[in-house]
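*Asks:* Okay, these came from TrEMBL:
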DOMAIN    55-278  domain 'Ion transport'
DOMAIN    395-651  domain 'Ion transport'
TRANSMEM  41-62  transmembrane segment
TRANSMEM  122-145  transmembrane segment
TRANSMEM  180-203  transmembrane segment
TRANSMEM  250-275  transmembrane segment
TRANSMEM  395-417  transmembrane segment
TRANSMEM  429-448  transmembrane segment
TRANSMEM  469-488  transmembrane segment
TRANSMEM  500-519  transmembrane segment
TRANSMEM  551-576  transmembrane segment
TRANSMEM  596-620  transmembrane segment
TRANSMEM  626-648  transmembrane segment
C-alpha cells in the first residue's frame, strides 16, 4: 500500500544518509527486512562486539604457549610462565570464529550474490575462516602440542578487513609499490657493487694479523652483503670501518662514499618518491570517499522524491521538507550537524527542496566542528570583576609557566647534587620542602582560574583538564606522603613504610611535576603546531597504525615459530660439546663489538647473551637473515617513509593555513583525513551520480 511504500522510502533514505556519513557503499539490499538487518549490523552494539572479538583473538598471542605473562623477559631471572591448559584458549578462539562467521554471513547476505563474487575481501574473509578452523581442528587433534599454527599468522586479517580506511590505505600502498620497487632495485645495485668492491679491497692476505676486516666482516659474499646492509642502517657504524681504518686511513673513503650515496641520496630519494606517489593515491582514495558521500545523499533524495505525497513534476524532482524532517528524526548523526541542517531549513522557509538544495544541506557533514567554549560567569561585585580580569588574563598563565619552570630547575639542581650519593646518604628534605611550596601554588592557581573562568569553561580547555588532573594527583600524593612519613625535616630518610618508600613517593611526585611542565605547549604557537600535527596523526590516521599492528603481529608470530627454542638448543650444544671453540667465538665476537666483560661479570650471562647474539648471525641458518631483511624493508624502508610522507603532508597543510589564511590565534584545526584534502577534491557531476545510481543492483529508480 501507499503507507507501506512511504515507510520503505523513508527507511531507505535513512540508511543512505547514514552510509554517506560513514563513507560506506550503498550497494546493498534495500528491502524492509534487509534495511533492519543492515542498521542492526552497523549499530554501536554490534560493532563494539565485533571490535571486542578482534581485540580478544589478537590478545590470545600473549597468553598462548609460549606465554608472555612474566614480569621480565630475562631468562636468568624469569620465573616459569603460566601456560593455559589445552582447550582454554582454543575455546575462546572458537567463540571468536563463531562471531566472525556470523559477521561474514550477514555481510554476504546484505551485498547480495552478484556483489559477493565481485568483493575480493569477502572471499578472502571466508577463505581465512576456513583455513583457521581447519588449523584449529588439527591443533586439538594433536592436543595443542604442535609448534606451527597457521591461524595465528592469519589473525591480523580480521583487523584489516574490518576497517574500510585500512583497506584503502593498503590499496594505496599496493599502488605505490612499483615506484618504490625502482628505488629498492637501485639500492640493491648499490649494495651489490659496493659488496664486490669490498671483497676486492679487503681480500685475504698472507699476513693474518692484517686481515681483521676480512675475518670480521668480509669473509665471503653473504657476510659482505650483510655487513654493508647493516651499515646502510648505520647500526654497525663505525665498528665495521675500524679494523680497515686502523690499517690505512684511506680505506675510510670507501665507507664514506657508501654511506653518502646510500643514506643521503638513495634513502632520501625513496622518501621523496613515496611522498609524491602515495599522496596521489591517497588523494584518489579520499576522492572516492567524497563520491560515496555525495552518492548516498543523492540516493536519499531520489527515494524521497518517489514518495506519494510529493507532487509529480515532469521537469524536476523535489523532496518535501516534511519528509526530510521524518528522515532526520531517525538518522543517527552528530547533533551539531543535525541542528545546523534544521537551522538551514528554517532560514530557507520553503516546502520543497531541489536536488541541489538537498545536497547543499548535507554539506554540513564536510565542515569542521567548531567548539564553542561556555561563557565566563558574570559577577556583580566590582571586586570580583577585578579578580576575574586579573586571574583570567593570559599573563596569569605566563606567571604559572614561570613558576613551573622554576620548579623544574630546582628539581634538576637537587638531582644533580644527589646523583652520586648512596641511598643511605640521601636527604629528601630539599625535594620535600620544594614540593611543599610549589604544589600549594598549583592548587591555588587552579582554584583562581576556576573562579575567573567558571568550572564549565575551565574544563572545556584540554590544557586546563590536563593541568587540573595533575594538580589533584600531586595534592593527593603529597597528602599521602605527609600522612605516612610526616612533614619534611632535615634527615628525612627513604625508609620503607607502607606501599611505597619515601624515595619512591618523592620520585613519583617529581615525575608528575616534570610531566606537568608540558602545559607550556599551548602558549608557544609554533610548538603547538607541531604537537597538534602529531595528535592529528594519532587520532585520525588510525588506519596506518592498524596496518603497522598487522605487520608487527604477523612478523612476531612468524619469528616465534621460526626461532622458538633456538637458545635452549645452543646452550645444550655448549654444555655437552667441547666448549673451547664456542668460548673463543663468544669472546671474539663481543670484543669486536663491545666490552662485554665489563657489562656482565659472570660466565652464565656470557653464554646466554652471546649465543643469543650468534643465533641471529652465525650458528642457526643463514636463511634466517631473509626474515630480518624483510622486516627491515617493510618496517624501516617502506613504513617509516610512508609515515614521514603523511607527517609532511599534514604539517605542510597546517602551516599553509596558519601562515597564509588565518591568524595564529583564531585557527581551527581540521581533524580528518578527508578534510585535510578538502580544498583539492573535485565535486562529482550529476551525470556521474545518476549513472552510478542506475547501476545499483538492488535499487530501482523511477527516473
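Note: Cβ is positioned from N, Cα and C throughout, glycine not excepted.
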*Asks:* The transmembrane segment (41-62): which same-chain residues, six or more beyond its ends, come within Cβ distance under 8 Å?
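*Replies:* Apart from its flanks, the transmembrane segment (41-62) reaches 18, 22, 24, 68-69, 89, 92-93, 96, 99-100, 103, 106-107, 110, 152, 155-156, 158-159, 162, 549, 553, 556-557.
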*Asks:* Below 8 Å between Cβ atoms, which of the listed ranges 122-145, 180-203, 250-275, 395-417, 429-448 makes the most pairs with the transmembrane segment (626-648)?
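*Replies:* By the under-8 Å Cβ criterion, the transmembrane segment (626-648) pairs most with 250-275.
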*Asks:* So, taking each listed stretch (180-203, 395-417, 469-488) in turn and counting its Cβ pairs to the transmembrane segment (250-275) that are under 8 angstroms, which one gives the highest count?
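*Replies:* If we count Cβ pairs closer than 8 Å to the transmembrane segment (250-275), 180-203 scores highest.
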*Asks:* I'm checking region-level scores; what's the whole-number mean pLDDT for the domain 'Ion transport' (395-651)?
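*Replies:* Taking every residue in the domain 'Ion transport' (395-651) and averaging pLDDT yields 67.
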